[in-house]
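A.B. asks: Below is the structure I would like to discuss, written out as structure tokens.
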């Protein structure tokens, strides 16, 4: 794992530059922020930062998908969404400026797949729409509208008509959007 | 075996990493014996290509966790022979590094890059597209003013200051037109201060006889020491090239946006899924902006869903209702046309009135600005009324928006056209240049001693007035509105609310300004430069008002299609001004007393004369290009090219449709096969429970049963050797 409170060695730095889309400055900044998060951590997992601590970052605090993002990038065996430094770098790399459309759409698909079954079915879509519009009762769409919306989405993007949206269909929709790459971005 | 190959085509083996399972991944909905309740999609096996290819794969593009990427990297390092290709790899790596650094540095040089990104983050794509459009116009105007300065302004200044004598002999036959030569705009030596200000604002007095307007330029043709420069020719060719340059820039930019429009299918197809999948902007920070964005998205979704319901309802109207609706719409369109016609009439009258009066002082200034005021007033009032009328027409929301835009565009550009037409009527006595007032000079000499300067002055006044109105609106309307809304909490102010930055009217204002500049560029060469400064001011003022006074729009603008639409409208403006240019260059007699074309019967005549002086081979070449021998084959060739490109487009479209239907077909086949396998499994299980079944029939199945049980879904395991059947 990456260095905790010590500085990053040059080899590790160049290795991370090789394996992610981040520049040297971005990796160093990520290291600094991650160390600050770790200092506040009191738990037994020295090298991992718990999900609650990660979600205190201003870039993630108000994102409605923050929990899913942590869960997708986490490599913890406990599936608790805690992130190691390398997970954190993976996260920043996928959300960086220079990441390709394929990587972004891949991770977007995984974030939207709330039940982790590899496809977006009607339940996933409903949770997705609720995250987009707001979770409180007065900000949700009505049941009628939700049904109409999900029906429309499946009609437009489910090419093979199996009732779910798989990764290729998802990427097909994304490829036609010119704004996706610039909106799927988190910069520290 | 067919099944395996079929499977590999349809489902490349799932190649996403997962920390949860290390076994080979299985697709969901596979074996019936699998426990479907604990389904976790396994993204773990490394992609097939990584083991097959020999080139160093781009590691960053693997959607794997860091530890797995590192493992792949180690494997690659071992595979790649160290000696031969290490130099290549190093070279490509340094090249990539260099590209990254260069891109990072260049992003600092793009004008206003960070400001526009910030605007996009807070207010969305529609407002951002307005500022991108503004930036495009600033750069266009700046480059044009450089062009004009280099070829017309600076030579004129140089030659005038060096007092070169004009070497054009006055060989033109002045048949009774000597009276037309008088032109004396030089101001009185003694001037009161306010006269100075009036002259600055209306382009008369000291401003009139300056480099700002056409009348100041001489028809000097300098020839000394083998260096020759023909100012009239330079003036005309610069104007022509300026128009061509603007056209090329616009077309290049339209090409880029058109490609996006075609790729995204016009933005209308896939609207819902696109909105839901790509609608969230992860760069937003803070609870307030997040809530705003969520409201925005919810509103958009609700509006779109409602529009769909309305469409369905509209499709189910009875005949009587449809007829009455259409009759209402026709009537309301007539009303709108009448309103617009009234506006045009008002503009024509105002122009005539202002041109024929000559009073000085403040009243004179107001009179001079009368056409501008009427145009601005009508551009404000008529769209407002049209919006109210549109509410009665009961179109769907998107159609209403498009219709309002079209009406506003029509109003703006044609009102400018009406102004120009009225001017033309006055200058050329309604086209009859041999009658009445236009008798000796072929234009209305008494009123227009130098008609080009007058036209230039009108365009200059329009530009200034537009600038003035925008700044005044900003200071006197938008800031007070925000202060009132923020501090006074009565119902009326809350209902009115904060200003919303409406993209479409602002863009149309920009298009209108740019059209005025294009129309006036021939008569007022410094107008592009003035416009550059004006648009730079606009950028900062609009940015300030956006952040201080405006709330994020509740209804978003579709940026890609609207970008294309804005450029299209700009193109219409360009066409209008090129008509003016062509007409004044070829048909109207230039003034006798001023300007670089004073001895020619039409401005165009400079070119044939210059061509006559070329060497004979160049002359022949030019004549050949212009002749029919060359132009007809060229025309035929371009038609052929157009047909070819069209055919290519339709072929691509057809292949896309074919691939889509192939996808559907393959999924149906897959479902059929899955059902088959389920049935076979079921039969097999039945056989296990009933061993009295004749052995022969079950033998082939019996051999394979351990294999069936071991690999939950044989058909989808690509590594197993084919045997059973």
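Placement of Cβ uses the backbone N, Cα and C atoms for every residue, glycine included.
Heads up, TrEMBL stuff is auto-annotated, nobody curated it.
Keep in mind that this is a model prediction, so the values were computed, not measured.
TrEMBL lists B:663-690 with the feature coiled coil. The compositional bias 'Polar residues' feature in TrEMBL is assigned to B:1-11, B:31-43. Per TrEMBL, the feature domain 'TMC' maps to B:450-559. The feature region 'Disordered' is assigned by TrEMBL to B:1-56. Annotated transmembrane segment per TrEMBL: B:132-154, B:191-213, B:233-253, B:260-280, B:326-348, B:360-381, B:401-424, B:459-477, B:516-541, B:562-583, B:621-645, in sequence order.
What's the neighbourhood like for each of these?
C.D. replies: Sequence-distant contacts of the transmembrane segment (B:132-154) (same chain, six or more residues past either end, CB-CB distance under 8 Å): 111-112, 116, 211, 217, 231, 234-235, 237-238, 241-242, 245-246, 249, 253, 507, 510, 514, 517, 521, 525-526, 528-529, 531-532, 535-536, 538-539, 542, 563, 566.
Remote same-chain residues near the transmembrane segment (B:191-213) are listed as 153, 156-157, 185, 361-362, 364-365, 368-369, 452-453, 456-457, 460-461, 464, 523-526 (criterion: CB distance under 8 Å, separation of at least six residues from the stretch ends).
Within the chain carrying the transmembrane segment (B:326-348), a Cβ under 8 angstroms from the stretch's Cβ atoms is held by residues 371, 374-375, 378, 382, 385-386, 389, 392-393, 407, 410-411, 414-415, 418-419, 421-422, all 6 or more beyond its ends.
Sequence-distant contacts of the transmembrane segment (B:401-424), counting only residues of its own chain at least 6 positions beyond either end whose CB sits under 8 Å from a CB of the stretch, comprise 336, 340, 343-344, 347-348, 351-352, 355, 371, 375, 378-379, 382-383, 386-387, 390, 395, 431, 454-455, 458, 504-505, 508, 511-512, 515-516, 519, 565, 569, 572-573, 576, 580, 583, 588.
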A.B. asks: Report the mean pLDDT of the predicted model across the coiled coil (B:663-690), rounded to a whole number.
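C.D. replies: That stretch averages a pLDDT of 83.
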A.B. asks: Mind checking which residues of the chain, 6+ beyond the ends of the transmembrane segment (B:459-477), have their Cβ under 8 Å from one of its Cβ atoms?
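C.D. replies: Answer is 201-203, 212-213, 368-369, 371-373, 375-376, 509, 512-513, 516-517, 519-520, 523-524, 527, 530-531, 534, 537-538, 541, 545.
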A.B. asks: Please give the sequence-distant neighbours of the transmembrane segment (B:621-645): residues at least 6 beyond its ends with Cβ less than 8 Å from one of its Cβ atoms.
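C.D. replies: Cβ under 8 Å, 6 or more out: 611, 614.
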A.B. asks: Per DSSP, what is the residue count of the domain 'TMC' (B:450-559) in each of helix, strand and coil?
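C.D. replies: Its residues divide into 85 helix, 4 strand, 21 coil.
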